[in-house]
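Novice: Per TrEMBL, the features are:
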- A:H399: active site, GMP-histidine intermediate (ACT_SITE)
- A:D95, A:H203: Mn(2+) 1 binding site (BINDING)
- A:202-206, A:324-325, A:373-376, A:S380, A:399-402, A:K475: GMP binding site (BINDING)
- A:H234, A:H324: Mn(2+) 2 binding site (BINDING)
Amino acid sequence: MDLKQLQQRGEFEWLLPATGRMRVPGVIFASRELVAAMDEKVREQIANVAGLPGIVSAAYAMPDAHWGYGFPIGGVAAFDADDGGVVSAGGVGFDISCGVRTLHTGLKLADVERDKRRLADALFARIPAGVGSTGTIHLGAAEMNAMLKGGARWAVAAGYGSDADLAHIEEHGCVAGADPAAVSDQAKKRQRDEMGTLGSGNHYLEVQVVSEIFDAAAAAAYGLAAGDVVVSIHCGSRGLGHQIGTDYLREMVVAAPAAGISLPDRELACAPLKSSLGKRYLGAMRAGINCALANRQILTHLARGAFAAVFPGVKLPLLYDVSHNTCKEESHRVDGNKRRLFVHRKGATRAFGPGHVELPPEYAKVGQPVLIGGSMGTASWILAGSAGTEERAFGSACHGAGRAMSRHEAMRRWQGRALVDELAARGILIRSPSLRGVAEEAPLAYKDVGAVVDSSDRAGLAGKVARLTPLVCIKG
DNA sequence: ATGTGC
């Protein structure tokens, strides 16, 4: 990106002044190097988002921002319904409520190293992974609706976990206002057999060791110490979320002109929050969020079963669960006034700072855990929402590394089998139904997550707490 | 991301 188009406001903050159709400025939080490496398309997309009706304060980009469908991935934008604000299917993304959760194991590195191969095989045998993977749960129509309304709370009531899990999930595992009737039969049909499955692409279940602590107080509050083994699960709402995105994107493109919305890019298709289409999308999108929360809850149950088979008596309590493709109704202070806003976070994580009323009491002093998935074979990170983050980008931070090259290019450069062998030689066991998928997810096909995390820390979005290094990866 | 792809 051409830095001359931007005004530097701090070492890690860049302003794109409002010109032309922009109603508000754009703001990018990243180091000079990361901004310079971003595609010009990111600037164009930030400017486009800044021109949407009812946008509040600014269109934001996180340090891992890259070109996405309509909105950039790593984009944050809030809208006021009373000011003509909109909701956008492309602003949430296709994998609704894709996210990460991390579980404690109570085990240390040496405990797991002894039985690593058996653990990898036990997890791979129990965690359905890959394109079109199906599980052992088959939902009828009534159960489907109950799941879409209840999210992880439904999963816990069905026997997949405990109330303690719910206390460590955003919105206690169930977002209000989900409307199963707004979800198409096609979307439900695609999900019928996909509960408790990982999916493909960059989704994974990983066994990791805490390799370094950066913030002792936050680590203590989160129950983390160097050498601890944890499990992280990265996945979303599978076929259901994708179908909801497809259905509503189409509808929003068609309805936009009649709603008085002229779009510089049809991928920005959106609907007024107060319109019936906007309300139906919100209801369906929230059902998609609940589906993802239920899915990660069931996968947690499966992981617990695999661990118990190898390490009898081991419990896997939930540290936290975050979503990074959502639109959430939240209260935020803007120019001194509290306002109800609809915050789109697409490839961006909620990152509430210390003292926020929605945090579990045990984390309130240090801020929300922000879980950052690395690429296969590289580090993942646990951050803590920084003080004042609500005044910066509505309480948001980065979500991951972001691709550095296309899947196609990665496939040309690497072979899945060679990558699996190479990682095994470094002590990282990969289990995947697809060697092609492994090649597409080659570590070097992604940007350096460390640089993204450093920028997030230094920009005051979310601070470094712990680095996690992979031991076993079940790859979709 | 995705019953990957028009």
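Note that Cβ sites are derived from N, Cα and C of the backbone, with glycine treated the same way.
All annotation found in TrEMBL is predicted automatically rather than curated by experts.
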Novice: Give the distance between the Cα atoms of A:N325 (GMP binding site) and A:D95 (Mn(2+) 1 binding site), rounded to the nearest whole Å.
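Specialist: Rounded to the nearest whole number, the Cα-Cα distance is 7 Å.
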Novice: Between C-alpha atoms, which of these recorded positions comes nearest to A:N202 (GMP binding site): A:D95, A:H234, A:H324, A:H399?
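Specialist: Checking each of A:D95, A:H234, A:H324, A:H399 against A:N202 (GMP binding site), the shortest Cα distance is to A:H234.
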Novice: Report the nearest neighbour of A:D95 (Mn(2+) 1 binding site) in space among the binding-site residues A:L205, A:H234, A:H324, A:S375, A:G402, comparing Cα positions.
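Specialist: With Cα distances computed to A:D95 (Mn(2+) 1 binding site), the winner among A:L205, A:H234, A:H324, A:S375, A:G402 is A:H324.
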Novice: Determine the Cβ neighbour count for A:G402 (GMP binding site): the number of other Cβ atoms within 10 Å of its Cβ.
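Specialist: Taking all protein chains shown, A:G402 (GMP binding site) has 25 Cβ neighbours within 10 Å.
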Novice: What number of additional C-beta atoms lies within 10 angstroms of the C-beta atom of A:H324 (Mn(2+) 2 binding site)?
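Specialist: For A:H324 (Mn(2+) 2 binding site), the 10 Å Cβ neighbour count is 30.
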Novice: Provide, as an integer number of angstrom, the distance between the C-alpha atoms of A:H399 (active site, GMP-histidine intermediate) and A:H324 (Mn(2+) 2 binding site).
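Specialist: With the alpha carbons as reference points, the distance is 7 Å.
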Novice: Which is it, of A:H203, A:H234, A:H399: the one of these recorded positions whose Cβ has the most other Cβ atoms within 10 Å?
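Specialist: The residue with the most neighbouring Cβ atoms within 10 Å is A:H399.
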Novice: Other than its own, how many Cβ atoms are within 10 Å of the Cβ belonging to A:S375 (GMP binding site)?
Specialist: 24
Novice: For A:D95 (Mn(2+) 1 binding site), what is the tally of other C-beta atoms lying within 10 angstroms of its C-beta?
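Specialist: A 10 Å sphere around the Cβ of A:D95 (Mn(2+) 1 binding site) contains 23 other Cβ atoms.
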Novice: Round to the nearest Å and give the CA-to-CA distance linking A:H203 (Mn(2+) 1 binding site) with A:H324 (Mn(2+) 2 binding site).
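Specialist: Counting only the Cα atoms, the answer is 13 Å.
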